[in-house]
Amino acid sequence: MAIKIVCLPGDGIGPEVTQSTIAVLKAVGEKFRIEFDIAEYPIGGIAIEQSGTPLPDQTLAACKEADAVFLGAIGGPQWENPEASVRPEQGLLKLRSELGVFSNIRPLKVFPSLISSSPLKPERLAGVDFVVVRELTGGIYFGERTRQDDYATDECRYSVGEVERIARVACEMAMQRNKRVTSVDKANVLETSRLWREVVTRVVKNEFPEINLEHQLVDSCAMKLIQQPAHFDVILTENMFGDILSDEASVLSGSMGLLASASIGDGVGLFEPIHGSAPDIAGLGIANPYASILSAAMMLRWLNLELAAKAVEDAVLDAIDNGTLTRDLTISNSMREASTKEATQAVLEAI
Ligand code: NAD
Ligand code: IPM
Ligand code: MN
């Protein structure tokens, strides 16, 4: 039976990178005789243009019925008017919430052949391999908002249950890795962080006694990510801290255009590169498609298609090792810049 996949290209470079990803899925499907039924639906700015809403009912319904969903990116300057009440980002947040994908897994690896693409010294990058486990459907992103002429508020709220379930995800992941969890909060200031710390400590003590847990404040964690990145194994954190720290962490690998993610809950999974719609390069055909393709590999693994997932990851690695690099990864003018199409072609050939 065909595997039903919903693709949400979105805005900016979203359609460019999802087009590459669909080509890769088709190729890997042929190789392993897996039938994918891929349907595209609008989300974000383009959906606002078409129907006045960033997450049309048909899009949401299709996502809920799919086996898996993958997203390009949403947003852009056209929809950034501060007065606007309808925004592309609301579509993505509502989708995450409706699908109940409370854990966002963002793995960070340093590809050996890309060490020179990173601004960090090579010796700091040795042994860097960690995962950010970001809580995705709670916190300040989903609290009540108010706006008056002279002030505004955003409520940050976490329940014990929300912290417990994401702590378990991080711990289960750590058990498959090096059994180290760094829980990141701002417990010296925030009440939600004090609750977070208490709950994480209890979950580890009662359910994962083998895990070596440390707590770290988010500000010094931001520093340590650059100073001593090899220290980390699993970073467990709340929604907004995870958003910020993972973009920071992407610099270690050389580009945001390499970082994939999986957003998982109890139902259908959503797979999304961590980057946005990159309005500064949209339409130029130079976006890095590897983050989106690697997100599809995470999707294949989640669908229990391990061989296909591995084939896609190996193909991206091959393309990188062959030096097929988009502009975000070429560090000197003497390096040849590949287009999105050429990078995709290199992956297809490796498959
Ligand atoms: P961004 O991630 O879009 O871009 C940041 C920088 O990284 C830009 O210079 C961009 O050119 C570069 N970049 C990002 N992805 C790249 C890729 N694949 N290849 C090459 N270069 C890449 O972040 P931003 O500029 O802060 O946000 C732009 C828009 O994207 C905003 O509207 C924001 O809300 C939205 N956004 C959406 C998502 C999402 O859909 N998941 C994620 C982040 C931001
Ligand atoms: C991300 C993005 C989103 C987030 C925005 C677009 C809502 O930055 O996926 O990392 O903050 O979660
Ligand atoms: Mn982000």
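Just so it is clear, glycine is given a Cβ too, placed from its N, Cα and C backbone atoms.
Note that the structure is predicted; figures quoted are calculated from it, not measured.
Copied over from TrEMBL:
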DOMAIN    4-347  domain 'Isopropylmalate dehydrogenase-like'
BINDING   76-89, 276-288  NAD(+) binding site
BINDING   ARG96, ARG106, ARG134, ASP219  substrate binding site
SITE      TYR141  site 'Important for catalysis'
SITE      LYS186  site 'Important for catalysis'
BINDING   ASP219, ASP243, ASP247  Mg(2+) binding site
Set of same-chain residues at least 6 away whose C-beta sits under 8 angstroms from ASP247 (Mg(2+) binding site): MET256, ILE274
Rounded distance in angstrom between the Cα atoms of ALA282 (NAD(+) binding site) and ASP243 (Mg(2+) binding site): 22
PRO88 (NAD(+) binding site) versus binding-site residues ARG134, ASP219, ASP243 - nearest by Cα: ASP243
Of the recorded positions listed as GLU80, TYR141, ASP243, ALA278, the one whose CA lies nearest the CA of ASP219 (substrate binding site): ASP243
Of ALA84, ALA278, ALA282, ILE286 (the binding-site residues), the residue whose Cβ has the fewest other Cβ atoms within 10 Å: ALA84
Span of the substrate site, taken as the largest CA to CA distance across ARG96, ARG106, ARG134, ASP219 (Å, rounded to a whole number): 27
Largest tally of Cβ atoms lying within 10 Å of a Cβ, found at which of the binding-site residues GLU80, ASP219, ASP243: ASP243
Cβ-centroid neighbours of Mg(2+) site ASP219, ASP243, ASP247, 8 Å, sequence order: VAL218, ALA222, MET240, PHE241, GLY242, ILE244, LEU245, SER246, GLU248
